[in-house]
């Protein structure tokens, strides 16, 4: 999240760049049908058919992102029980590549859309802030596969990162002040100058029998 720690959570979330052509939509539709087993909608359990995703430490957050109504641009909150192909395309629109003819205003809006999607993954209680506990949960999940790192060490990493976030976003704090959490505006500050295009990785849209997830 742009803080001095030794892991890169966004690197787990990036789909290979694609342009929205009729050919690509056709490809995505084939992948959608494969995931849904030729049904009209995809449910969370359909993601169980992606072997490599099973070993991703934040698998649950990745799957939830597909059903998060905030990412589906719905007015209501919470998680959808299922998504149709139009919803699937909406989610995939967050991962389209930068277009060469975009002006600065378009680029800014494009970047904010991507970061909003990522922010929602951390903000698990949908209250508009990433709290210390939410941040700890993500760090613990990411580092859960490391047998040499104890839970307390993971918490120390999260606590240090949150302190760094506070110093970036609100400056020097008094001894009695408490940083309540990272707002989306804070999140934008933390990502300033970081190329989000190269920081987000999930590749399971290939039509291969075994998908590749990084």
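In case you wondered, yes, glycine gets a Cβ from its N, Cα and C as well.
Feature annotations, reproduced from TrEMBL:
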type	residues	note
DOMAIN	110-145	domain 'EF-hand'
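Counted with DSSP, the domain 'EF-hand' (110-145) comes out as 24 helix, 1 strand, 11 coil. In the predicted model, residues of the domain 'EF-hand' (110-145) average a pLDDT of 89.
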